[in-house]
Amino acid sequence: VLSPADKTNIKSTWDKIGGHAGDYGGEALDRTFQSFPTTKTYFPHFDLSPGSAQVKAHGKKVADALTTAVAHLDDLPGALSALSDLHAYKLRVDPVNFKLLSHCLLVTLACHHPTEFTPAVHASLDKFFAAVSTVLTSKYR
């Protein structure tokens with residue numbers, strides 16, 4: 001459960017990210033593919049070389065979904081229902097991959113915003129990504 005302090009940290013951090021969210025999403029996907037090569041199996045039709053246009057475009061989709069989630073912190077299941085359906089029923093993404101991407105998102109944000117990435121912000125973002133992952137995998141059960 002996200003506390004009021006968590007919600008403040010998440011919204012504040014996302015505001016600071018601003019127009020870079022799509023770039024960071026692409027970078028986090030690059031990190032995920034490089035660090036956890038098994039995640040590439042879901043993208044056989046993509047050019048998975050670092051910085052490819054397809055990875056950047058999908059990273060922007062990830063970032064846009066997270067931006068939607070940030071705007072609906074009190075109703076993540078409602079805000080992400082269609083995305084949950086897509087990943088569970090059509091794409092059938094192994095739930096562990098959400099944890100791997102979440103880790104890479106945290107690393108990417110910490111690299112770009114080291115001053116703002118305090119222990120409290122880190123904890124809040126970790127809880128947020130875990131909550132999003134839980135929603136995205138909720139229809140697997």
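Our numbering is plain: 1 for the first residue shown, then up by one each step along the chain.
Every residue, even glycine, has its Cβ placed from backbone N, Cα and C.
Marked as O2 binding site by Swiss-Prot on the basis of sequence analysis: His58. In the three-state DSSP scheme, His58 (O2 binding site) falls into the helix class.
Annotation source Swiss-Prot lists heme b binding site at His87. For His87 (heme b binding site), the same-chain residues 6+ apart in sequence whose C-beta sits under 8 angstroms from its C-beta are Val93, Leu136, Thr137. In three-state terms derived from DSSP, His87 (heme b binding site) belongs to a helical segment.
Across the residues of the domain 'Globin' (1-141), the predicted structure has a mean pLDDT of 95. Summarising the annotation, Swiss-Prot assigns domain 'Globin' to 1-141 and lists sequence analysis as the type of evidence.
In the three-state DSSP reading, Ser3 (phosphoserine) counts as coil. Cβ neighbour count for Ser3 (phosphoserine): 11 (other Cβ atoms within 10 Å of its Cβ, all protein chains included). Residues annotated as phosphoserine in Swiss-Prot: Ser3 (among others).
Residue environment of Lys11 (N6-succinyllysine) contains 15 other Cβ atoms, counted within 10 Å of its Cβ in all protein chains. Residues or ranges marked as N6-succinyllysine by Swiss-Prot: Lys11 (among others).
Annotation source Swiss-Prot lists N6-acetyllysine at Lys16, citing similarity to another entry. Within 10 Å of the C-beta of Lys16 (N6-acetyllysine) there are 14 other C-beta atoms, taking all protein chains into account.
Per Swiss-Prot, N6-succinyllysine is recorded for Lys16 (among others). Secondary structure from DSSP puts Lys16 (N6-acetyllysine) in a helix.
In the three-state DSSP assignment, the secondary structure recorded for Tyr24 (phosphotyrosine) is helix. With a cut-off of 8 Å between CB atoms and residues at least 6 apart in sequence, the same chain places Ile17, Gly59, Ala63, Leu105, Thr108, Leu109, His112 near Tyr24 (phosphotyrosine), listed in sequence order. Residues annotated as phosphotyrosine in Swiss-Prot, with similarity to another entry given as evidence: Tyr24.
Among the features that Swiss-Prot reports, N6-succinyllysine is placed at Lys40 (among others), with the record citing similarity to another entry. Cβ-based neighbour count (10 Å, all protein chains) for Lys40 (N6-succinyllysine) stands at 13.
What Swiss-Prot lists as phosphoserine is Ser49 (among others), and the listing cites similarity to another entry. Under the DSSP three-state reduction, Ser49 (phosphoserine) is assigned to coil, being neither helix nor strand.
Taken from Swiss-Prot, the feature phosphothreonine applies to Thr108 (among others), supported by similarity to another entry. Over all protein chains present, the Cβ of Thr108 (phosphothreonine) has 21 other Cβ atoms lying within 10 Å.
Counting only same-chain residues six or more apart in sequence, the Cβ atoms lying under 8 angstroms from the Cβ of Ser124 (phosphoserine) belong to Leu2, Ala5, Asp6, Lys7, Asn9, Ile10, Thr13. The DSSP secondary structure for Ser124 (phosphoserine) is helix. Swiss-Prot lists Ser124 (among others) with the feature phosphoserine, giving similarity to another entry as the kind of evidence.
When Cβ atoms from all protein chains are considered, those within 10 Å of Thr134 (phosphothreonine) total 14, not counting its own. Per Swiss-Prot, the feature phosphothreonine maps to Thr134 (among others); the stated evidence is similarity to another entry.
Annotation note: Thr137 (phosphothreonine) sits in a helical segment as assigned by DSSP. The phosphothreonine annotation in Swiss-Prot covers Thr137 (among others), and the record cites similarity to another entry as its basis.
Other Cβ atoms within 10 Å of the Cβ of Ser138 (phosphoserine), summed over all protein chains shown, number 15. The phosphoserine annotation in Swiss-Prot covers Ser138 (among others), and the record cites similarity to another entry as its basis.
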Checklist outcome for this item: Excluding its own, the Cβ atoms lying within 10 Å of the Cβ of Ser49 (phosphoserine) add up to 10
Checklist entry - Counting Cβ atoms within 10 Å across all protein chains shown, which of the recorded positions His58, Thr137 comes out on top? => result Thr137
Checklist entry - DSSP three-state call for Lys11 (N6-succinyllysine): helix, strand or coil? => result helix
